[in-house]
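First the structure, in the form of structure tokens, and then the observations on it.
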Amino acid sequence: MAPTCLRPLLRYRSFAILFLTPLLLLPLPVAVPTREAKCAYIIIIMAVYWCTEVIPLAVTSLMPVVFFPLLGVQSSKSVCLQYLNDTNMLFVGGLIVAISVEQWNLHKRIALRVLLILGVKPALLMLGFMIVTAFLSMWISNTATTAMMVPIVQAVLDQMDNTEYDVTMMEQATGQTNTVIELEEKNASDLTSVHVISNGQVPDDPRSSEEKKMRKRICKGMTLCVCYAASIGGTATLTGTGPNMVLKGQMNQLYPNNNDVVNFASWFGFAFPNMILMLVLAWLWLQCSFMGLNFKKSWGCGTERTAKEKAAYNVLKAEMKKLGPISYAEFNVLLMFLLLVLLWFSRHPGFVKGWATRLFPEGEKYITDSAPAVFIALLLFILPANKPKFIGWNPSMSDPEQTEEDIKKPFLSAPLLDWNVVQRKMPWSIVLLLGGGFALADASANSGLSAWLGHQMTPLGSIPPWAIATVLSLIIAVFTECTSNVATATLFLPVFSSMAASVKIHPLYVMLPGTLSASFAFMLPVATPPNAIVFSYGHIRVLDMVRSGIVMNIIGVFCVTLAINTWGRPMFELDTFPTWANSTTNQ
């Protein structure tokens, strides 16, 4: 509880931040009437509003449209162009494809199929949940992935718990261990019913306190693994999460001649191995924390499944059965998804000429990753959700009335995706947030603020680059626990770019670790939506998340530092200061 004297202040906190921040900062543009100072004035106000969320993040993102022209920093035309540029179109196209995958439950089918293949031993079950969540999070939003996976985890844990209770009760009542239990699907009344033994009395829960504690710990580990895997998985692809798109957009904004150094293929080549490493270490950490490293019990290779494991398998099998066979629409969406991934990878692979260069004149110059993304999105609004019906031309071969009715039906059924669904599910606020960030980066560069910041950071040149990258990663990982991941990347990446220019190191040497670290929101329920979803189920306390999250942040920073200093160096030529960065800073 806050002290009595502070309660009135807390009550007016939002009001005070909203109106006092611009007033207190007003001396900056008044005393120093330059474009750099005016740009910094708006950026600091937006940073405070983003960190405190006194107004919605997307609304704060619209401030450059109003205030940059009013203060003479940039024209309205220049600012507004940043809100739907190439990177934002890539993000929108990728999100539309993700929405179609969700719409037809293709993500759930993939998840259940993988879990049934991997098995239901405790260690394998957790690994299965993490692999599935990370893979889905690479393509659809982290929030949607977590929202789908947590109920599956919950159903499996509930069935395992109920089966364990039934086994214990039967052993107590008969004095014998019943090794074969027929699992029945429990309805709502069964779940709330009271178990009784033969004499009609309600027994005490026969399970020991040690077993209860172990059950709670397994429950915590299984649910935490989902939100952690969602955050880790989103880092593997360029469209997987917002901060990645911020980097892509700001690289194009600040370094227009960067030769498309960050594209879908190059990002995947760098970030996917990092994701695998983080996922394995996170799995080992959660195993140690919540289950213990009892390999015989956890893996149980070659042993017969226990009643709990059979229960878990039956739940997954029942969920898979509910989906039925794969439909025509699901198959089409899967084909479109695979085609999009193939087009992204083969557009500009780097080591060979891609289809953009081979098929189109000057394609490498004109075609970016947004083109295939929007192309596939367009196809989803055209391709039918049901098989087209070819009607014979001879009406005597069938019922005339039926034939006439069939002729009236359109050849193509409703498309795979409806615009109303896209309107409802598209996170438009992220699109505006990205646009606001690109507007800030563009204004910083054009006003001279970036050059001024870079000059102030020249003393950092005496520190080894790997140390700079590690320290910045730690700072971002801590900062992102309290603010939006996208807002964190938006605020810090232009500063990192200026710093790289001042000390003459490759901009990606500090921007890549900073971007990945913006997704390492592991410690608090409010840090990111996947954490909040998992926390809402009531199995985890804030302290549990903080304890696990601290180690997860250390794992994340370690993996990013390792990645940027090993395979990242030759991939992006990080040991040299590129000419495109030098020419941009000298403009």
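Cβ atoms are placed via backbone N, Cα and C, with glycine included.
Source: prediction; values computed, not measured.
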Subject >> TrEMBL annotation (transmembrane segment) - matching range among 508-527, 548-567 >> reply: 548-567
**OP:** Could you check if the transmembrane segment (466-496) is in contact with the transmembrane segment (366-383), meaning 3+ Cβ pairs under 8 Å among residue pairs at least 6 apart in sequence?
**Re:** no
Original post:
Counting only residues 6+ away from its ends, which parts of the chain sit with a Cβ under 8 Å from the transmembrane segment (366-383)?
Top reply: 86-87, 89-90, 92-94, 96-97, 100, 238-239, 260, 263-264, 332-333, 336, 339-340, 343-344, 347, 356, 360, 415-417, 419
Original post:
Near the transmembrane segment (548-567), which same-chain residues lie under 8 Å Cβ to Cβ, leaving out any that are not at least 6 residues past its ends?
Top reply: 224, 228, 232, 270-271, 273-274, 277-278, 281-282, 285-286, 289, 466, 469-470, 473-474, 477-478, 481, 509, 512-513, 516-517, 520, 522-524, 574
Original post:
For the transmembrane segment (110-140) and the transmembrane segment (41-71), does the number of C-beta pairs under 8 Å, pairs 6 or more apart in sequence, reach 3 or more?
Top reply: no
Original post:
List, by number or range, the same-chain residues at least 6 past the transmembrane segment (41-71) whose CB is under 8 A from its CB atoms?
Top reply: 14, 17-18, 21-22, 25-26, 28-29, 79-80, 82-83, 428-430, 432-433, 435-437, 439-440, 443-444, 449, 482-484, 486-487, 490-491
Subject >> Contact set, same chain, for the transmembrane segment (430-454): CB under 8 Å, 6 or more residues outside the stretch >> reply: 34-36, 38-40, 42-43, 46, 57-58, 60-65, 68, 73-74, 78-79, 82-85, 87-88, 91-92, 242, 245-246, 249-250, 253-254, 484, 486-487, 489-490, 493-495, 497-499, 501-502, 584-585
